[in-house]
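Worksheet for the structure shown next.
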Amino acid sequence: MTPVYLDNNATTRVFPEVVEAMVPYFTEQFGNASSIHAFGSDVGGALRQARRSLQALIGAEFDHEIIFTSGGTESNNTALRSALAANPERNEIVTSTVEHPAILSLCDWLEKHEGVTVHRIPVDKQGRLDIDAYRAALGPKTALVSLMWANNETGTIFPVDGLADLAHEAGALFHTDAVQAVGKVPIDLKSTAIDMLSLSSHKFHGPKGLGALYVRRGTRFRPLLRGGHQERGRRAGTENAPAIVGLGKAAEMTMATMTDDMARITALRDRLEKGLVQAVGHCFVTGDPYDRLPNTSTIAFEYIEGEAILLLLNKQGIAASSGSACTSGSLEPSHVLRAMEIPFTAAHGAIRFSLSRETTDADVDRVLDAVPAIIDQLREMSPFWSRDGAAPQTFDPAYA
Amino acid sequence: MWEYTEKVKDHFFNPRNAGALADANAVGEVGSLSCGDALKLMLKVNPETEVIEEAKFQTFGCGSAIASSSALTELVIGKTIDEARRLTNQDIAEFLDGLPPEKMHCSVMGQEALTAAVAAWRGEDLEDDDHEEGALICKCFAVDEGMIERAVRTNKLTSIEMVTHYTKAGGGCNSCREPLEELLADVNAAMVAEGMLKPEEAFVFGAAPAPKPKKKKAQGFVIPDMPPVAAAPAPQAPAPIAITPLAAPAPVAEAPAPAGRTPAQEAIAIARVIEELRPVFKADGGDVELVDFEGGLVLVSLTGACSGCQLANQTLGGLQKRIAETLGRSVRVMPVAKT
């Protein structure tokens with residue numbers, strides 16, 4: 001049975017061409033890019049090439065606006081701490097309730113231990129940012145706004161372009177966590193007011209352990225890691241040359257076919273989504289129906305629990321993920337679904353299918369084939385479900 | 001993913017005794033949808049011998065919750081009520097060759113359901129008072145003192161983390177941390193006095209630094225004296241987000257409508273919104289039409305693929321929002337059969 005991998009927002013398969021491009025930088029061209037000899041200078045050229053490929057993918061004006069990091073988390077940490085350190089007269093951060101933990105946990109820490117005031121802007125039931133609350137939170141003390149380009153759980157896209165303009169009106173820097181957006185939506189940074197952008201290589205078929213932070217030229221910056229002069233002194237540490245080369249190759253390949261790929265992926269996603277919603281019933285798609293990543297579909301199935309669904313899917317070789325509490329080790333459903341006020345009847349049964357350009361029609365068929373029976377099977381077992389499907393049974397617990 | 005034992009997997013993939021038991025004469029229900037797991041245990045008890053002849057379950061929950069329920073039914077079938085009531089969550093966990101620590105609450109849920117079913121059989125009325133067994137400690141997961149004390153005693157729990165693993169108490173907002181610590185310390189002290197626990201193992205109140213309860217989410221800021229965002233005469237009208245063009249369809253309301261439209265003008269405005277959103281419905285193979293409009297109620301008819309489609313509700317929500325934005329007041333959009 002061929003496995004069906006629909007968890008591409010978690011990570012993607014590294015393209016074979018990317019692996020191939022990386023190998024020589026382990027075996028032959030192993031030099032340190034900072035060295036004067038040929039071993040080093042060859043590597044230096046490859047890194048420049050990779051930087052330019054990424055520059056093209058995100059539409060940066062200059063290639064030196066890109067700082068390679070160890071991944072999205074480091075990029076986010078760098079961006080937030082740099083903005084605070086470089087603007088000591090401002091000590092407030094504006095972010096949203098649905099950001100990735102790489103932003104939210106850091107904000108919690110900064111608030112608790114470093115005297116930073118954090119405004120967390122709520123979202124509506126489709127996961128769209130409350131613009132009025134956003135405007136109201138901006139002020140003369142705002143050092144940085146950090147809002148994600150696209151949500152990892154629902155795919156909902158924030159209008160970062162306009163949000164950045166509003167941040168600048170308040171004199172604040174604007175950072176976006178674009179880890180899920182890069183490679184899935186067209187990005188042209190030079191035509192926006194965005195000051196900083198985080199991205200991660202393994203979300204678009206590059207290697208893990210590598211990311212980048214875009215910092216617009218002229219933005220005041222303070223490095224997170226100090227040491228050597230790599231990345232123009234903005235991120236010390238010997239460059240991870242094989243991974244950077246891999247990221248460059250992945251960026252190049254993504255760029256070459258993105259428009260076609262995304263049209264195809266959207267069609268596949270829509271077929272999957274409509275097929276499931278029609279076949280299953282008592283379920284709904286979460287997120288902004290009008291402005292969502294083309295590859296992401298999170299469907300909340302009522303009256304059943306997500307981990308049970310995933311285990312049964314896995315048994316049939318289908319990989320997806322869940323916003324349910326039980327898979328994450330926490331006891332409550334995902335903060336994103338809670339922020340969107342998805343009712344508990346459904347939040348526990350939310351399943352995320354995330355596609356990639358390697359997803360095929362056959363994959364979608366397999367899921368359409370498997371899911372309805374799995375949902376039926378679990379609902380048959382659920383005390384909240386009645387067979388006729390009309391209304392859930394009354395359930396009257398003695399303790400609760 | 002969790003490391004489940006083969007036995008857990010077996011009872012999850014091939015649950016025993018799942019489903020409703022029509023002629024059950026002792027039923028125990030615990031948990032709720034909001035808590036993330038719930039179990040309804042149905043027993044058929046022989047009135048003469050008090051032997052449990054049949055047991056079935058219905059469970060809403062994760063893999064280990066379903067496996068624990070299945071194990072529970074296997075454990076109680078053939079036992080008398082007296083024997084069954086002596087079963088503990090440890091018996092359920094052992095039957096499954098163990099559960100991950102974070103999942104022990106699934107076995108506790110099984111025991112709680114059994115306790116409720118036995119109480120129901122005995123005619124002890126637990127349902128009149130939800131919290132007969134002492135104060136409600138954890139409001140997030142509705143866990144009371146009685147349940148925590150039972151779990152602590154049965155499983156010799158000596159840390160807050162363990163109590164959370166076994167009962168879920170304290171696993172939400174964490175605002176019950178202090179009463180939870182007090183309770184655990186009291187129960188442990190009693191266990192030491194009874195010789196169940198060594199003094200050095202007991203949890204002592206105040207021993208662990210109690211983290212502050214999580215702050216409430218910053219929902220709804222107190223807005224300082226800010227000028228109105230747009231020239232919006234109707235204060236309840238959300239200002240339109242004219243930042244980036246929405247993908248599709250084109251934003252309807254350029255600015256909130258001035259108040260004081262006549263109903264006829266409002267009807268025209270609504271019809272225009274519906275016209276603009278029709279392509280969305282048509283793209284899905286259906287159609288939408290305005291049927292009637294009165295006060296705060298907009299009646300529309302859905303045809304084609306839209307009628308009876310689950311997605312339609314969501315799309316109608318979008319329509320409702322657009323109309324509300326246009327009129328500057330809240331309205332309800334309801335689908336009706338076309339007359």
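Cβ coordinates are placed from backbone N, Cα and C, and glycine is handled just like the others.
Those TrEMBL annotations? Automatic predictions, nothing curated.
For the Fe cation site, TrEMBL records B:CYS35, B:CYS62, and the single candidate of B:CYS106, B:CYS173 listed with them is B:CYS106. Each of the binding-site residues B:CYS106, B:CYS138, B:CYS173, B:CYS176 was checked for a CB under 8 angstroms from a CB of chain A; none meets this.
Sequence-distant neighbours of B:CYS140 ([2Fe-2S] cluster binding site) (same chain, 6+ apart, CB under 8 A from its CB) are B:LYS168, B:GLY171, B:GLY172, B:CYS173, B:CYS176.
Rounded to a whole number, the distance between the Cα atoms of B:CYS138 ([2Fe-2S] cluster binding site) and B:CYS35 (Fe cation binding site) is 11 Å. The Cβ of B:CYS138 ([2Fe-2S] cluster binding site) lies under 8 Å from the Cβ of B:THR167, B:LYS168, B:ALA169, B:GLY170, B:GLY171, B:GLY172, B:CYS176, B:LEU180, each of these being in the same chain and 6 or more residues away along the sequence. Taken residue by residue with DSSP, B:CYS138 ([2Fe-2S] cluster binding site) is part of a strand. For the binding-site residues B:CYS62, B:CYS106, B:CYS173, the greatest number of Cβ atoms within 10 Å around a candidate Cβ is found at B:CYS106. Break the domain 'NIF system FeS cluster assembly NifU N-terminal' (B:3-124) down by DSSP state and the numbers are 56 helix, 28 strand, 38 coil.
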